[in-house]
């Protein structure tokens, strides 16, 4: 090894008996000086090269040299590795340390990268024998690293240095000791440990996740810069090409002097920053520089100035900087002394006072917050309950209607009209001018003269030009308009010259609509200006149309069209022009100066002298509101009207204004109705006089209280704080409206005016600028607006009028409020209402919402936080819900039907109904999968929030129960697709739940509201894409949710934008076609799908076409886009890109030519349009190319599979996908497989039908039927009344015999699919249980049959096919498959049931005389094909199966000596039951004991689960009695008449007869009875279980128990796969969520990972003392090996599971899953390696043969011995598509058996050989031994009567 390394490194090879030779290294290259200097020798085994100081040396040439010499090259990269480092260097083994000495690495631990697979397996085997390091040691390292991180702070480090110097301690030594991973003399024992799970997890996380670590470039720049300032001769590694610069070594003239000098100048220069030493002083160069080296503190944070100071210190100069250690130390000390001095004095009193007062403030704040929350929440709920459907929502999309039609009536004989118009820039004036221009031809208008005055430095022409460029005049000719400079307040209107044309009409609209204007000003604007217009009309002889107001009558019951009686207009005019005394008195009875001045004007116009020559037309409108139709809907001018101003101020002053808005009808007239009415009066009717242009009794449906509600809804939807809205509406408005308004002015002065004055005072006190003060004073008028509004709201008005128009008042009320909201910045479009806007308090918001229980509010609070952290925004198209608000029937049940793309969908829909109560959709019931209910806490929250759980696959009962729960008035949320669309397509809708609702709901009708939830990026997008790669869906788990939640808090989850929109309501009733209804719902959902640039980029990458083409085509396909740029990064995964691309599948589907692909893209697609654009054609063609490419790739893969032995009919999608080479994208590929397979299957069936049309029918009718009522199953393991059955996806063992019976196993199918990476087709039975049996007919001559019947009776001789097949097969997989596929080639010709030893003798003699072949039959449970009949060419004789099961008696029992004689046909179940009645037990309990017999145990050399206490069969059997081939009875030691005798042991000069017979497998003789050892039933029986982190730890525990001498009766270990299967078998009884959390916490504390953990089950039998001693030994071993006790209940369940699980293999076989177990004995030294090799080789063979999915291979250790153990392997494979699954399985099993033998296992531990493993016998048995056995056979059975031919006798 290289000379510079850590001091412990040489200890490792020395401990293995290797000598260590050091190799010197060059100080400049840090490499071996020359390869020629390496002291090679023939004994050189390993060369260890250490990369030091962060350097990384190229080992290419050295590796080649080592390879040529057969030397292993080990690269030690502890000093140069970091997570972002380069790939592995060329070497055999790479060692990488993850110690505390480097930044950004795991805490302790190391990794070894081994290139040679065989070396890797051996390494794993040795590594597996080491014990796992404890979790407590890991926690100590965590603490240690935390202290080092704290120590890295300059201030803390400075204090520590000062403290160490005071104690005369070396800080260098301290740092070095802290960094040492394994200090002390126990180095070797301490490194022989496997890392605990926490370390493994940390290392994996670094290697797999953290790929973007902080780059070392800045540190490298600093190091290079420092090197340039230092002498090169003092530097190390100056010629190294690759360096991570984590260390900066330097060789000064004096090491100690530089270290002390560095401290003086505040630099931590140390000589011990690493543990590196020179291990051999003879290596001159290495010894020299390692003695003098120091390490300079270079970091990323250092600047050039600081590096310069460091260089000066190294050169012997220096200046101070950085932190001053001394000052810091003494400063800190002074603070400490001060604190101690005042500790009990002033400081304590001050702190106490602050804490007490702060606590009091917190309590007061909490009480105030709670009170306010309660109050606002209470009135919010009251308000919600009182209101009906949202008026705003109802009319968001409704079109305006006016009755009768709004039109200008054409005069009968129109004259040429020239019109002067005043007030054209005002609200009514703009509409008037627009209407005049629009109908100019109809009214024969030649000129319109608009009088405008100069204003704000703009002359009339400029203002006129701006007016005419307004959007409302676009499309109209303005050539007839002439702008006149004038001013109505001046005589002659200030016109310099009058128009040259004859003026026919003057429309006077100019006025000042100000309710706060002083009387004189109002008179000047409204009265004097009108009189000026009148004078002009007189001179022009033109007709005047004057606009007044309908509110000129004060407090009249009916506002008539006359002027009424009363005061003298002239006197009032004179009063106003003088002192206003008289006029002011009259003003008090008018609402404002505007009404008064208008009334005065009308009176003056009626008097002689001030009236026009031509009688005028006076129009009196009520409150003028926005237009309905013209010039545009909701037009309200540039400044708004009275009603829109009220709405605007209400919304801008939420929480700070008092209004009086009672439920009175509003007297409002739309401006376009007013204008049309006026013009018809003026032109068509040529009317004169006064007309009230308003509705008679106000607008029907437009009430002020409703106006208040609509504005409140606008405020909430516009993002205003709901608390302020509720406070405004319920307290500051509705309260005063209910009181009648008497005290409104008082409260107005008390609250809003006070707030205004307070603010004004503040501005004055703070010396605000004059501009600010003036601007603020102008706001005063708005503050009083509610009071100015009140006269028009406090009562309902009735007018005398001929105004005949009618409108939908509620709709118009909404439009007025919307028009007003625009003036204060509210968006009139409610298509993007953001429900995640920030609020002053989310807690206050969720607690004061009007709907929702505790759980819903809790979810709302959490969800708004999560959505803000994960999304850019969540917007709702509120306008889209208006159809529901209008059309939904109150008697119908509401069903919300959202799209289902994410688990977020549940929460988002509920969140929207909660956060937008304006929708008037109560929080719905949610139909959710039952798996949600099983999640701790999450299940409780879901249930509390309204989730109704149903279990899929449980039929209609669960659905009906759920339906009954949701049939109240509350809405229900149903996903029409049934499940999440994992690729964003619209899946084929499911109607089962809807059908159940119709059946349960009777004649009730339903309103289905389609909802689309569009995500830019779904939360599960990446997960689903990865699941597609492996073809497995991950189940829900609390761990995954917690992990996702942590990522949310860490800011790693970014979803972009989310948008929700609703479609039109779809009605459903009992008469409805549900498929049609579901299709309608989906089509409505499709209209809301949104895409962005994120999707476009994915489409471009998936389809390979230009982005512009995609955008254009999507626009042509009417797919809406999100506005603005997307901030999400384009996905890198191909699957992710396709899931994004398929979001527009519904738009593409109608255009795709292939019906199959179109159905897949969207089954509910709309019909294709007739014409499409070129971009759409290009877009669709790109999709079709992708489909064609995928189909071609799939066809190629299927062709390959067919060539290697698969049939198309049996191929599975996942299987074919595994062999697709041209990867298009998983979603497309998967559907391509389905399409291609379906085509090819149809074709193969057609061909088969043409060739043999009736073959299947004929085959089904052939063969003998299988009789019913038998105790034992046929073609499957076990009792006929015990079997696994399937209910949906839930498996249940229907049996009363086992503790597992009737337990539901909902996760079993999912477990198998997940572990095997396959999909099980539960609807298809591949190898079903046979209904009939077919076999070659018996060749038994009638004479022999008659002879047998004569000897043994008719009942004892059977020739039925079922009996023959059952006796010619065992229970290995191949036998069962032959039965199920009717491929048993030969069966016994007759079955004879013997009843005694004498009948056996007679049968053997008869067989010998008739040349018959006998095959003994016990329980038929063998798994070695031992009962398989030899073929006719091998054995031409007739074969007789000798069934021993009627010889089942216990002949005698000797309790005193503990022996009994039992007939060989007794089953284990019979023996156990009968001995138990005597208080005895034989103790032999193999897995098959219910059916296997004593004779069978002897014949196969069996072993039982309780072997540790009672021994194997050879230990239990004392003597045997057999019948040989000549019919003679053979025995040893005792005659038949010697009852109750048996020798425990003897030496008789010959082998024991029992030793010859045990394991003979029916080849030598028939065993008729045995003398066996029996014992008393144990006094105490206990069970236990222990879990360990991995297989090695579990095995270490078992060996420890074995060596203790206190073994339990049974100790069995399951590997991780079997452990997980055991957990699945707990079924629905697996424990509560809380219990699982506790168990998980316990495992985490012990450092046990569920992904690797194993379980050991134990059964204790014996005396109480014996059992207690064994339990103590087990407990001690558990502690030593880091195990966790699992309890007796789990131990018992695991033990009993053995008997029930045997049924599973044959249940799985029905669905094409082939499984079998095979066992072996192996020495402990080889066990780990053998297990790993077998598993690996089976997996390889599985892949080599193209078998579907992955191999599920597991191992179990069952019996322990001093030198080794019995290991069971279980292998299961999916035979889908294989022509001969049995052959493939047998090949793989044979490979596994060969691997077992190659790696130290034997042929069989207790199953035997039979014919299944006969080929391996000669390889394991010497030739002479075989000859001896055959010689024995010849002597005992010379005529080969027992011709079964098992084992060596094959």
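In case you wondered, yes, glycine gets a Cβ from its N, Cα and C as well.
Among the features that TrEMBL reports, transmembrane segment is placed at 328-346 (among others).
Annotated transmembrane segment per TrEMBL: 358-377 (among others), in sequence order.
The region 'Disordered' annotation in TrEMBL covers 1244-1265.
Under the heading domain 'FAD-binding PCMH-type', TrEMBL lists 1384-1577.
In this view, residue 1493 (FAD binding site) is surrounded by 30 other Cβ atoms within 10 Å of its Cβ, with every protein chain counted. Annotation source TrEMBL lists FAD binding site at 1487-1493, 1500-1503, 1561-1567.
Per TrEMBL, the feature active site, proton donor/acceptor maps to 1768. The C-beta environment of residue 1768 (active site, proton donor/acceptor), restricted to residues of the same chain at least 6 apart in sequence and closer than 8 Å, consists of 1717, 1718, 1719, 1755, 1756, 1757, 1758.
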Look at the binding-site residues 1487, 1490 and tell me which residue has the greatest number of other C-beta atoms within 10 angstroms of its C-beta.
-> 1490
Cβ-Cβ neighbours of residue 1502 (FAD binding site) (radius 10 Å) | 27
Counting across all protein chains, other CB atoms within 10 angstroms of the CB of residue 1562 (FAD binding site) number 28
With every protein chain in view, how many other Cβ atoms are within 10 Å of the Cβ of residue 1565 (FAD binding site)?
-> 29
To what whole number does the mean pLDDT across the domain 'FAD-binding PCMH-type' (1384-1577) round?
-> 92
